[in-house]
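Q: Quick one: this structure, given as structure tokens, is what I'll be asking you about.
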Amino acid sequence: MKVLAGVLLGSSMALAALTFLRLRSKRDQSWHSGLPVFKLKNTNGMEVHISVFGAAILKVLVPDKTGSRADVVLGYGTVEAYERASPCTYFGVVVGRVANRIANARFTLDGTEYALLANDGPNSLHGGLKGLHKRVWEGRLIHGKDFEAVQLHYTSPEGEEGFPGTLHVYVTYRLSRDANELTTSIVATTDEATPVNIAQHSYFNLGGHSSGSILGHKLRLHGADHYTPVSTALVPTGEIAPVAGTPFDFTAAEPETSLPVHSIGSRIEQVPGAAPGGYDHNFVLFGMGPQARILTKNGMASEKPKLAATLVDPVSGRAMDLFTTAPGVQFYSGNFLDGTSVGKGGVKYGKHAGLCLETQGFPNAINEPAFPSVVLQPQETYHHEIVYRFYNV
């Protein structure tokens, strides 16, 4: 199958993409002797480690304003931990074919009902028990003039986890050489109509993965004046509701700096829902509100990534802007982490040790006619781009 280099890496990188090189990256033997780890570095001291298992982001080392680096994503130290983690935490992996939840683990497409594996109560979560996050991908390293990148490929065969069609998925992680900017590009094609909603599932803690709670982090969700309320099973009810006057309103910004006003912990106790509580909700981006289905084209709210979120850790001074082409973002405040997940360096990740900002199509969209469609047709190309821009305040 052909996938244009310009689609995967951006038109400005098409020429560099023609010089794909097979692995020459260093292998981290403590990770797994048979699976390589790609290490991307730039001139500012930022470093990103990528695994072929689950297309996972293993580490993101980012300096603060004094130059002190910290690993700002949660994760495990061995591939075996990723394979065996129960319950699955999805640290840093790519999830799909359909990220988030599909109600009752079933959907109907073109008159045929498809039954999926229920791995979250009665629902399907993140593509099933062995979705993209549990697969070994093919990988290659790319050296460009102003970037280093890793491209990963996986072919999901017809019927895998119950989904129709053969799906070819490409994920490219690109680190800018002179800017602390990591771009994730996800491209997919199919030979049969099938739902596709692929997300990157990193947990961030800008103080460092071992620094404790993220409740003091401040968050702004740009244009997220609506969200999708959920049932007790965390499946959207189908409603698209305004956030004004609720603990879901993260639109406020400081007038002089445009930085976030609200800390994550300031209103978390007001979030409705059963234990363990907290945020695990999809927000409608870019002011689209109830018109999101009409405004979203081919799964994209825009052809180029737009600013969707700003996250700030007041203690370390590290900040991150998140850009995306997707219409929604799942803000998850690490509610189910309970200290039983032992991560890198033996760190036990407790409740709220990290947060996720998973840009995506809407959860359960395949069963909700008011939500933007997530159905990919054979003549179409799925494209989802995410940019993480790190800086200090």
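Using N, Cα and C of the backbone, Cβ positions are placed for all residues, glycine too.
Remember, TrEMBL labels are computer predictions, not curated facts.
These numbers come from a predicted model, not from an experiment.
TrEMBL lists N100, R101, H201, S202, Y203, D280 with the feature beta-D-galactose binding site. Positions annotated as active site, proton donor by TrEMBL: H201. For E358, the entry in TrEMBL reads active site, proton acceptor.
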Q: Of N100, R101, H201, D280, which of the binding-site residues has the most Cβ neighbours inside 10 Å?
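A: The largest 10 Å Cβ neighbour count belongs to N100.
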Q: How far is it from the residue listed as 'active site, proton acceptor' to S202 (beta-D-galactose binding site), counting Cα to Cα, in Å?
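A: Cα to Cα, the residue listed as 'active site, proton acceptor' and S202 (beta-D-galactose binding site) are separated by 8 Å.
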Q: So how many other Cβ atoms are close to the residue listed as 'active site, proton acceptor', meaning within 10 Å of its Cβ?
A: 23
Q: Applying a 10 Å Cβ distance cut-off over all chains shown, what neighbour count does Y203 (beta-D-galactose binding site) have?
A: 25
Q: Including all protein chains shown, what's the count of other C-beta atoms within 10 A of the C-beta of S202 (beta-D-galactose binding site)?
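A: S202 (beta-D-galactose binding site) is surrounded by 27 other Cβ atoms within 10 Å.
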Q: Checking the spread of the beta-D-galactose site as listed (N100, R101, H201, S202, Y203, D280): what is the longest Cα-Cα distance, in whole Å?
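A: Taking every pair among N100, R101, H201, S202, Y203, D280, the longest Cα gap is 18 Å.
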